[in-house]
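*Asks:* Quick paste of what TrEMBL says about this protein:
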COILED    B:448-487  coiled coil
DOMAIN    B:111-190  domain 'CHASE'
DOMAIN    B:310-380  domain 'PAS'
DOMAIN    B:383-435  domain 'PAC'
DOMAIN    B:492-710  domain 'Histidine kinase'
TRANSMEM  B:14-33  transmembrane segment
TRANSMEM  B:253-274  transmembrane segment
Amino acid sequence: MKTNILIIEDNEHNMYMLSYLLEKNGYHVLKAYSGVEGFQMAHDHKPEIILIDIQLPDMDGYEICVKLRHNGIPKNTTIITVTSYAMGGDREKSLEAGADGYIEKPINPDTFISKMVSIHRNKNKK
Amino acid sequence: MKHSLSHLLFKNPLIVGFSTFIILLFTSQYIAYQKFLINENEQKKEINNQVNIIKEKLQAIVMYSYSSTRTLGYIIERNGIPDDFDTIARELLKGHSYFDAVQLVDGEGFITHVYPLKGNEVIGYNIFTSTTASSGALETIERKDFFIAGPVRLKQGGVGIISRYPIYINGKFEGFSAVITKLSTFLNDLNINTSEENDFLYQLSRVNFETGEEEFFLENDMSSYKSYAVPIELTFGEWKLYVIPLQKNINTAIWFAIIGFLMAIMLSWSAWYFTGQSERINNLINTKLEEQEYELNTIHETTRKQIEKSELLYRTLTSYAPVAIFNTNEEGECTYVNEEWMKYSGMEFNEALRYGWTNAIYPDDKDRVMDEWQEAVSNNSEFQSEFRFLNKNGKITWLSAKATKLVDSNNNLLGHIGIAIDVSERVKNEKELLHFKRDLEKLVSLRTDELSESKEALLNLLEDMNLQSIELEKEKVKAQSADLMKSAFLATMSHELRTPMNSIIGFTSLLLKEYAGPLNQEQAKQLAMVKNSGQHLLGLINDILDISKIEAGELTVSFQEFDFVESLTDIIDFLSPQAISKKLVIKTDLHNEKVILKSDKRRVEQVLLNLISNAIKFSEKGTIFIKVNLVDSMLCTQVIDEGIGISKENLVKLFVPFIQLNGGLARSHEGTGLGLAISKNLIEKLGGTIKVESELGKGSTFTFCLPLEL
């Protein structure tokens, strides 16, 4: 049984790269190109891991985090924010919004999978 | 006379004290005596009550002893001596607590039966052998009837009465039945039971019918006490009850007398003291008054002398003063002028008196000065004027005069005293000045016209300048908004530039991972170059964005706890391929396995990356040494290299943005030259310090210190 991962990301290149990387590493990937779509898919498919791009055209990534946490997705779902802001305070903002972890853009394919797995494991340990 | 006598008596403290004492003493002793009488009356009443109670008790004892003795006698007369004598005796003794023994005596006087035996070992004793024991016995036989003997000093101890009844059988005397009652016990009980209500001692006596003498039932001698003897009606003999009051009640009266006496002494002493006090105060006041009078006299004398002295001084001064001095009375009439005044006027002293002085005034000024003078006199005000004196010899003197009013302490005008000084010279000067002034005014008005023209020109100029400054202000606002626009632009660029970089680096990495298929050696080499260039470009973009954030004041940091040693190790791992390729060695000197730092992890790592990669970049040989030390609550990290080093003049410019040392076009090293400027800003923003020590050709040491916790 493959682990389901939902990616919420509007940039096609990034989406392609992330999904390609994840699929090659043996995950089942669900793709959402907007906040609304991602929110809907999270409810329909109940993926184990959700990766959210913070800067989306329709919705703030933090906002999606808060909504997901308060609208009935399983509690053990791991939510990870992916951001290129790196303005400082992104980590706090993410955790405050209910995310379990935070990975900085640009994505480094060499380390991304290991970072994601470690956040997911920590979450399930709790 | 009578009044003064009583006054004298009242004023004499000794008499007052003594009479107070006598009055108080008599009063208090009288009250004590009355109290004593009241006590005595109460006592007598109480004695009567007590006597009645005791009399009844005694009567009861006597009656009972009588009936007991007779009952026993009858029993023997009828039935002879009973076998159960003890039983009968016990029953009889039960009747009264003061019955001590029941006896039978035979016709010869021998005691044959006694109950109780214990304490009464008298069987076989002949009562006729002792006068005390036989007391009353013969009387009984003689009377052939019951009789009470006593007081009898009992063989068993104590003093009592013996009731005897003679037994006659067939007319022959066969002995006595007897009951012994120890009355001393009864009395002792009464005396022991003295209490609050019963404040008396008692003694009982009876007249011996044989000797006719009074004999007592208690052995203690009470003759020293004051006592009340009350005869008691009892059968057989004269009885007297003595009542001895305890001292208590009388004592209260005595206390009363003593306290009264002491109070009399105290009060009379106070009376004596206070009457004496007023006398003493009077004396004191009188002494003070005398002293003050003397002082006043002294002051008066001194004052008089001083006045005389000051009068002399005044006259001397005024006579020789170089100004004219004059005095007037309350009517405004002259009373005094000095030598100088006479010199100005050419008048004699007497000529000046009353209104004579007015003749010295120059005719043209006279009316004006007179008016001013009259006004000052009638208004009680100061006089001030300038006028001319015409000397008899024709000389004119300009005088400036001033007179002050003289008033007494009730503000009544006494006159004026005034001085006048020669101001002829001044008046002359003033005239000259007036001429000057007129000339000057003309000149000034000419100049003013010229100036007003210049002023107008200046105002025009100012207006122009104002317009220009408004323009400048506008420019400034424009520049500021341009700054803001620049910041916004950079923020947008941050995202826009990084997104394609993300793709470039990401996909290159993916290709290098050969997910899409195997790469040949050349493809892999070229892709690695693309990736390397991409990462370099991303670094440049990040530097430019950071420095613009710093300049816009928008750089923010966030604090979280992380392991500094782990971060350092990560960075070294990341950079070691570069070092190895330049054959450089990176050595570390870490004192701790773990250092928890509360700071901005990403930014601290950025600084480490910058410093260590600089060290690699500017070294061609040797070792890069990284030392970590904890000093107080600061974490200090040193990055030491043996590279090209920095010259002294360049050290100053080191942390300035956009400058790569040894710069210009001949740049030997890639990079923006922003790294150190950014690092310095970051470290300072995180509450730390950064510094550098270096020598050209020998290497550099960068040291930065951060607080473990903000």
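Even glycines carry a Cβ here, placed using N, Cα and C.
Describe the structural context of each listed feature in the structure shown, including burial, neighbouring residues and relevant distances.
*Replies:* Counting only same-chain residues 6+ beyond the ends of the coiled coil (B:448-487), those with a CB under 8 A from a CB of the stretch are 548-549, 552, 554.
Across the domain 'PAS' (B:310-380), DSSP assigns 43 helix, 12 strand, 16 coil.
When averaged over the domain 'PAC' (B:383-435), pLDDT in the model lands at 82.
Cβ atoms under 8 Å from those of the transmembrane segment (B:14-33) belong to residues 253-254, 256-257, 259-261, 263-265, 267-269, 271-272, 275 of the same chain, restricted to positions at least 6 beyond its ends.
Residues 13-14, 16-18, 20-21, 24-25, 27-29, 31-33, 35-36, 39 of the same chain lie 6+ residues outside the transmembrane segment (B:253-274) yet bring a C-beta within less than 8 angstroms of a C-beta in it.
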*Asks:* Would you list the DSSP helix, strand and coil counts for the residues of the domain 'CHASE' (B:111-190)?
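*Replies:* Each residue of the domain 'CHASE' (B:111-190) counted once, the result is 22 helix, 34 strand, 24 coil.
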*Asks:* Mind checking how the domain 'PAC' (B:383-435) divides into helix, strand and coil residues in DSSP?
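*Replies:* Reading the DSSP string over the domain 'PAC' (B:383-435) gives 12 helix, 30 strand, 11 coil.
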